[in-house]
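If you check TrEMBL, you get these features:
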- 1-179: domain 'Major facilitator superfamily (MFS) profile' (DOMAIN)
- 7-26: transmembrane segment (TRANSMEM)
- 38-55: transmembrane segment (TRANSMEM)
- 67-84: transmembrane segment (TRANSMEM)
- 90-110: transmembrane segment (TRANSMEM)
- 130-150: transmembrane segment (TRANSMEM)
- 156-176: transmembrane segment (TRANSMEM)
- 209-227: transmembrane segment (TRANSMEM)
- 239-258: transmembrane segment (TRANSMEM)
- 270-286: transmembrane segment (TRANSMEM)
- 359-377: transmembrane segment (TRANSMEM)
Amino acid sequence: MLRFVSVFVSVFFLSINFGAVLYVNSTLLNGFFSPEKVSVLFVLGALGNILLFLIAPKLIETIGKRFLLLVFLVLAAGSTFILSTATEAWVIAISFLIYSSIFFIIYYVFDIFLEEVSKDTRTGEIRGLYMTILNLGILLGPVILALFAVDGNLTPIYIVASFALVPPILVGIFDLHSKTQEWHGLHKHHALLPFRLWWRTKSVRRATLAKLVLEIFFALMVIYVPIYLHGLGFEWSELGVMFTVMLLPFVILEWPAGKLADKLLGEKELMIVGFILMGGALIAMPSLGKVFLAWTAVLLVSRIGASLVEVTAESYFFKHVDESDTRLISIFRLARPAGVIGGAVLGAALLNFISFENIFYVLAVIVFFGLKESLALRDTL
């Protein structure tokens, strides 16, 4: 496991940054823009992310993944810090769009570094540990929220988040070195993402679609649940505790679930259970009202399901690719910004016709589409 340390340490601090701002970005933007414009900004950020994913393999071939990683880490740190100090709406918007456009490319590059030193026979365990460390960093985000958010002031949170990116930058400068030759100078068949190949490869396609459903779930929950719960009367200190408990399954379950998928059950069964738990929790949410323990419990169940789906989708996909498949990995990672766009657009559209509570029912239907994809998987055991 020592060969993974550089990636794991970097991803841990990267995720602290992400977790710290994840649940407050919509609130920060809501202080400068209407809810409809907030949704538009999330969509624009995701579109920028999609554009970068489409050209990411080309960028790696041209300038190398290590240099690309460092550039984007510096941009992410700078944009996070600016969000802590800016008072003009246009500065907030531009900084948020830069951050949203580049952040998940950083995870994508770390995916490639990790895949270089991984073995298929241990993919579930390695990806499970990777996701555990990643989610441990994200889990610290609500802790930072609970500790540093004073009287609704979000500035300290963004300052802490910006400094969390210093260790990954230092690791990128001094320690990350590729063990495989990188392309410099493009070949024609590397220029575009292979969507036809992706569609024909059913195992890769179904894992990606399951991931897409998960990302739509995350997007709607991240954008609208904090606003909804705050509107019910919950304080940010309460939400910080609630979200910390909610995120525990991503830290506790994903490593053992990955090992279980490698050695005993396979990914299919665990993914099915995960989607069922997510859908059931969503159906229960509209009837909860302002009850702290009830919301904490139901959010926890939803994330138990989401953690199982996350690690099994990752494990299943990466068992069917290797580090040379940067273009297929790029398509897989497109699920994140595509999910943000889908969630933001869907949420904004639905709010014109239905109440906040009914969004949970619509999302449950989408989750059960993911269940359909998981039922069609060919198991790895």
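The backbone N, Cα and C atoms fix where each Cβ goes, and this holds for glycine too.
What TrEMBL says about a protein is an automatic prediction, not a curated fact.
Contact between the transmembrane segment (130-150) and the transmembrane segment (7-26) is supported: at least 3 Cβ pairs lie under 8 Å, counting only residues 6 or more apart in sequence.
Note on the transmembrane segment (209-227): residues 22-24, 26-27, 30, 35, 38-39, 42, 239, 271, 275, 278, 299, 302, 306, 309-310, 313-314, 317, 332, 335-336, 338-340, 342-344, 346-347, 356, 359, 363, 366-367, 369-370, 373-374 of its chain, located 6 or more positions outside it, place their CB under 8 angstroms from a CB of the stretch. This prediction places the mean pLDDT of the domain 'Major facilitator superfamily (MFS) profile' (1-179) at 84. Here the transmembrane segment (7-26) has Cβ contacts under 8 Å with residues 38, 42, 73, 76-77, 80, 83, 96, 99, 103, 106-107, 110, 113-114, 129-130, 133-142, 144-145, 149, 154, 157-158, 160-162, 164-168, 171-172, 176, 222-224, 226-227, 239, 243, 247 of the same chain, all six or more residues outside its ends.
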